[in-house]
Amino acid sequence: MSDPILTAAEMRAAEAAVIAAGTSVDTLMARAGAAVAEAAWRFAGGCPTLILCGPGNNGGDGYVAARRLRARGVSVHVAAWAPPRTDAARAARAAWDGPVVPLEDAPAAPLLIDALFGTGLTRPLDDAIAAPLDRLAAGAALRLAVDLPSGVGSDDGAVLGPVPRFDLTLALGSLKPAHLLQPAAALMGRVAVADIGVPAPGATMHRIARPLLPEPGPADHKYSRGMVAVVPGAMPGAALLAAGAAQRAGAGYVLLADEGAGGADALVRRRWSPDLLTDARIGAIVVGPGLGRDDDARARLEAALAAGRPLVLDADALALLRDRLPLEAPAVLTPHEGEFARLFGDMPGSKIERARAAARRAGAVVLLKGADSVVAAPDSRIGIAPPAPGWLASAGTGDVLAGAIGAMLAGGLPPFEAACAGLWLHGDAARRAGPALIADDLVTHLAAARGACA
Ligand SMILES: NC(=O)C1=CN([C@@H]2O[C@H](COP(=O)(O)OP(=O)(O)OC[C@H]3O[C@@H](n4cnc5c(N)ncnc54)[C@H](OP(=O)(O)O)[C@@H]3O)[C@@H](O)[C@H]2O)[C@@H](O)CC1
Ligand SMILES: [K+]
């Protein structure tokens, strides 16, 4: 894990701690504005620039950036929505010796820098702000957002009105949830983080990074690398995908509890019996892909729950789980939004809050899938996946994810780390597989993704 993610309140607390330790807010703003100017210079090569400044410290960053860019010889215009309302922003405004025009009168420029609102946005933009922002964004060749595009909810990734698309978003100090949560994340373009000297010790949320996974050593054997048992059901293809994914994600031994055909020769196949799951060498059981929802499926799920081994519960298993929460065995649940709603009902709050509440209720790790997958642990830790290719929206990719997580669990990772690692492998395999991928391609590319984690 790396790259902490902070809510607006956590960011303010981190900032307050740095200020209490002797760094002034003006110094932080000077760093933030300098980082914006540097990013603009590198990104747009000194082309004529219009900077939009709001009334808070986001606007203050904009005034600092204006001064810095002009000092480099860039043609800079500044437009303001309202006069600065904080001391630091007033000081930054006073240090800018160029003109400031009202937002509605601003002429478009090739580079637009949006420093209207950042983490202090409290409500949707009214039309007097949204309309000129839209016009000026449309008239620019490149758009850079300071901390966040104005109009997105920092904590929940909501888009509070018509927010233009940006090419680059410079997150100040730390990532915020909106940088990764949809729909806001889709508007940000490339996201970069500027270090402004505000550490975030004890952050509970992180962007999921490439995991460091051990290579097999001379003392390893197939069982020490991890044995995964996959419980099949009515649709054998789904279980085959999960089993193949567990193999290619690095499990040493994969057992598919089904005598049928298909899959690699290295896949061990046995006729289903609940006793198969009592093998003490099993490090993880994957149940749900293609399971079905009839009495037989229920019996298989019960056998998996009774085995006391770490579990990955996906797809149909989630539909049968409602009366079985909280779980006793260590487990990762991998619902998409529909499965989540059926299992946990209508929950209020952001995707992060819902996943967290569900993990607490389930006594298990919940990986809420989507274009912005969120992993929540019962102890409140959160991992959010970096953006993954939209081509993953394809049949069977969830089965592959379940198998990859199974391999991570069987390899010895605790459930939260296993879910995050499996998710990273899945996204990386998708990037490698490329456009129009099918789930089978993901299985193939998991091996290279796994190899990148040494
Ligand atoms: N954290 C750090 O370490 C550092 C943070 N820094 C920077 O500070 C930023 C946060 O600054 P901030 O708290 O002053 O909030 P900001 O986003 O500028 O807006 C607040 C103002 O907007 C107003 N307002 C809100 N919504 C509105 C709406 N819809 N329409 C109209 N008005 C609206 C609101 O007024 P009110 O809600 O009271 O009416 C208030 O006046 C952060 O994103 C980063 O860029 C760096 O400078 C240094 C280090
Ligand atoms: K902004």
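Including glycine, each Cβ sits where the backbone N, Cα and C put it.
Feature list (source: TrEMBL):
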BINDING   57-61, 118-124, Asp147, Ala238, Gly290, His336, Asp399  (6S)-NADPHX binding site
BINDING   Asn58, Asp114, Ser150  K(+) binding site
BINDING   Lys369, Gly370, Ala371, Asp372, Ser373, Gly398  AMP binding site
DOMAIN    11-204  domain 'YjeF N-terminal'
DOMAIN    205-453  domain 'YjeF C-terminal'
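The separation of Ser150 (K(+) binding site) from Gly370 (AMP binding site), Cα to Cα, is 24 Å. With a cut-off of under 6 Å between the Cβ and any atom of ligand 2, the binding-site residues Asp114, Ser150, His336, Asp372, Gly398 reduce to Asp114, Ser150. Among the binding-site residues Thr122, Asp147, Ser150, Gly398, residues whose Cβ is positioned under 6 Å from ligand 1 are identified as Thr122, Asp147.
The maximum pairwise C-alpha distance among Lys369, Gly370, Ala371, Asp372, Ser373, Gly398, the residues recorded as binding AMP, is 14 Å. Note: the K(+) site is recorded as Asn58, Asp114, Ser150; in the same chain, Leu52, Gly54, Gly59, Gly62, Ala115, Leu116, Phe117, Gly118, Ala145, Val146, Asp147, Leu148, Pro149 also have Cβ atoms within 8 Å of that site's Cβ centroid. Taking the mean position of the Cβ atoms of Lys369, Gly370, Ala371, Asp372, Ser373, Gly398 as the AMP site, the remaining same-chain residues with a Cβ inside 8 Å of that point are His336, Leu368, Val374, Ala385, Ala388, Leu392. For the binding-site residues shown (Asp114, Asp147, Asp372), fewest C-beta neighbours within 10 angstroms: Asp372.
Closest by Cα distance to Ser150 (K(+) binding site), from the binding-site residues Gly60, Thr119, Lys369, Ser373, is Thr119.
Of the listed binding-site residues, namely Asn57, Asn58, Thr119, Thr122, Ser150, the sparsest Cβ surroundings within 10 Å are found at Thr122. Contacts of Ser373 (AMP binding site) defined by a Cβ separation under 8 A and a same-chain sequence distance of 6+ are given as Leu367, Ile384, Ala385, Ala388, Leu423, in order along the sequence.
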